[in-house]
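The carboxy-S-adenosyl-L-methionine binding site feature in Swiss-Prot is assigned to LYS96, TRP110, LYS115, GLY135, ASP157, PRO158, THR159, ILE190, GLU191, MET205, TYR209, ARG324; the stated evidence is sequence analysis.
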Amino acid sequence: MSKLEQTWFNECYTSLIDSPLAHWLQTLPALMDTWQRTAKHGEFDKWCRLLNKLPNTSPQQIDLSTSVTIGAKSDVDEYTQKQIEGLLRQFMPWRKGPFHVHGIHIDTEWRSDWKWDRVAPHISCLKGRNVLDVGCGSGYHMWRMLGEGANRVIGVDPTQLFFIQFHAIKQFIRNSYGPANNIHFLPMGIEDMQPLQAFDTVFSMGVLYHRKDPMAFLQQLKDQLRKGGELILETLVVDGDETTVLMAGERYAQMRNVWFLPSTDALTVWLSRLGFENIRVVDVNHTTLDEQRSTSWMDTQSLKDFLDPEDITRTIEGYPAPQRAVIVANKK
């Protein structure tokens, strides 16, 4: 295991000691050791070398409550700013954000801040909570959770470029912001987690429709929550009643890995059957071309290329265009 990985994982293990999640230490270190030996991306070591080249800076201000903004342009000289931007661009494509680092605007494909603005008013206060973000991407929402006062934020996502992007951002925060010791990313899926039944809040945003067995996935989310804990689920939905579920064909909006798109009523039934209560649909929103688009930080195809050019209410395959719902529920 490289020095960087060892440091990242050890920091996570240390934060779990004497916490409600301490029993995770019975399995987690061995799991991460196996990951390091058998599952690392071919580019991973190169990415780590690039991370090591990021300069150490001293951001004078960090804002995680209204954005993810680390420092200002005036904190660094022009050469250092260009060096930082050049290195961060080596980790493209940047899909989830945006981030602001010493005056550099990482203009990501998704305006994840807009999603957070739709979700945040409807959830329990995160202050003092242990939070799990399943399918955390590059960690944008994790930082916002920390900014809301969460005691501990753990993100899980098997995509290793997201893992690297998260640590690129953390590199600029870790030495200037004490709570950064309480935010950790583990390169794994929820299916690799033992049922901890210990998190106060579990987020899963943009994952359910990628699962062949959505009921099993929802059960896995439930298994991570303590009794009374809160689930925040965001996913693609379709219009209809409690019997309506769209199973996409080979592709949906050019994505091959989309399986089930339920109506909000059907999704409510699923959650109820699995033992959730206080289930409420708090937001339904059509994804716009301003919220998901190509940028200089993600310069390949995006949403506009996946919709019918003659009718943007339909995907290029003829399905209803992406509509996303946020559902909040509690474990009985």
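Cβ coordinates come from backbone N, Cα and C, glycine included.
Shown here: features listed in Swiss-Prot, placed on the structure.
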residue	record	CB count, 10 Å
LYS96	carboxy-S-adenosyl-L-methionine binding site	24
LYS115	carboxy-S-adenosyl-L-methionine binding site	23
ASP157	carboxy-S-adenosyl-L-methionine binding site	24
THR159	carboxy-S-adenosyl-L-methionine binding site	16
GLU191	carboxy-S-adenosyl-L-methionine binding site	11
TYR209	carboxy-S-adenosyl-L-methionine binding site	21
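In the three-state DSSP reading, LYS96 (carboxy-S-adenosyl-L-methionine binding site) counts as strand.
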